[in-house]
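Report on the following structure.
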Ligand code: NDP
Ligand code: BG6
């Protein structure tokens, strides 16, 4: 196993939500499982006023209230946390930052291996690297220097290309880690193992045997306090451009020759570059956009999207997308991929459903059983295979049955959270599960026609919060295909134009 070199993790945006809810808990968990290096420091940087102690107190408040936490190890972890007040936009403040990093490194005997984690608003993703470079904090003579860039990487194709151009002025591609936390999910990585480590699935994994594929990313929550961000993003930028297209790449890519960053990412980009561009007809007939409206669910009154904090009352931002898309290559030609994602659905479920074709000649009944492979990304992570067996008794009737594997049944195995896995990888210098520049551009290229389409008048369907979305999304299907719905609860309005 690769031992980590001593390092200093500098988190920009240290007073923010991501640092508090994701990064620090993940780093603590790695620390408590002795997965971090023997000496390390975490230096939080933002404009809010804290000192080391008040920063530590703020960050560990949630962790300390967990009954299962070991307080002694949490106290020891805190000794590695430091804070520096600074405005990352102000280039003159980087001299003090450099001195602080050096003094921490000297005190803790850390070599100059530095990870800069950008958990700030995206407007700073090019500013911070430029300012770091102006102070030599990109130079690797005395140790590695890595940048983690949070999503969103760009706002559209043009801005993503511009961001890359700006980063490349001072950093090389192998110093840049574009994070997409879906790639850190155990169940997303498992798709590769399921496909390429088992000879029973791969021979069927193509247009000859697969009828259609569904990808669902449903969330029961609304947009919470993120109205300001979400209204400029919408479901397209928030979920499809990054997370769900990465999931599709895992489902559809060719096997890499070996598992390493280059080989894996070469295959990912190849398949993303084969996404069939959406033409006018697709945008009209293969895309359904929706927005949640007010409703009552289990005695709770759920606000409409337009009533959420930070959302304009005439907003036409989509909180629901359903899309029928294709991959133009030898393996997938003609197989529709139905993708949907939304806020305020009846439940939280992320899954991929591989719908196999029916047998060519129905020997036992006019309607052969469904053959589906369901890869449950979350929650209740696992895999389910459904097929037909003979119904006991006279005759040859078929009965649908399932083989169902749940990760929770695995004994003695430790599931790392997505951020734990990805932070560990970046500290090791393993970029396999990070998006490469060409893959990010391929994703933007695919979604750009939808972003352009939304600039003009378009149909936006209302769906009551807590339902499976506008019924119009059913019309994407033909020949008896349909969404696998964990529960059917479509909005019963015929058409609700907003
Ligand atoms: P927050 O708004 O909670 O935090 C932003 C942080 O940036 C604060 O610490 C803020 O601190 C700092 N900051 C520094 N300069 C500025 C500036 N000029 N304007 C505003 N803030 C500044 O955001 P999140 O933590 O939620 O998100 C951070 C990034 O991570 C975003 O790009 C987001 O898209 C991404 N992300 C977040 C996820 C989440 O679950 N929260 C999930 C996936 C990605 P201060 O004001 O003290 O300087
Ligand atoms: C984030 C989006 O990137 O992913 C959120 O900004 C979304 O809107 C979240 O809720 C979903 O992640 P997960 O891991 O909860 O499926």
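Sequential numbering from 1, following the chain as shown.
Each Cβ is built from the backbone N, Cα and C atoms, and glycine gets one as well.
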**Asked** So TrEMBL lists 181, 185, 219, 343 for substrate; which of 156, 164, 238 goes with them?
**Response** 238
**Prompt:** In this structure, which of the binding-site residues 151, 185, 343 has the fewest other Cβ atoms within 10 Å of its Cβ?
**Reply:** 151
**Request:** Filter the candidate list 47, 151, 185, 238, 243, 343 of recorded positions, keeping only entries whose CB is under 6 Å from an atom of ligand 1.
**Result:** 47, 151
**Message:** Sequence gap of 6 or more, Cβ distance under 8 Å: name the residues on the same chain that satisfy this around residue 243 (active site, proton acceptor), in order along the sequence.
**Reply:** 180, 181, 182, 217
**Asked** Which binding-site residues out of 47, 185, 238, 343 lie by ligand 2, going by a Cβ under 6 Å?
**Response** 238
**Request:** With an 8 Å cut-off on Cβ-Cβ distance and a minimum sequence separation of at least 6, pull the same-chain contacts of residue 219 (substrate binding site), or say none.
**Result:** 341, 342, 343, 344, 345, 348
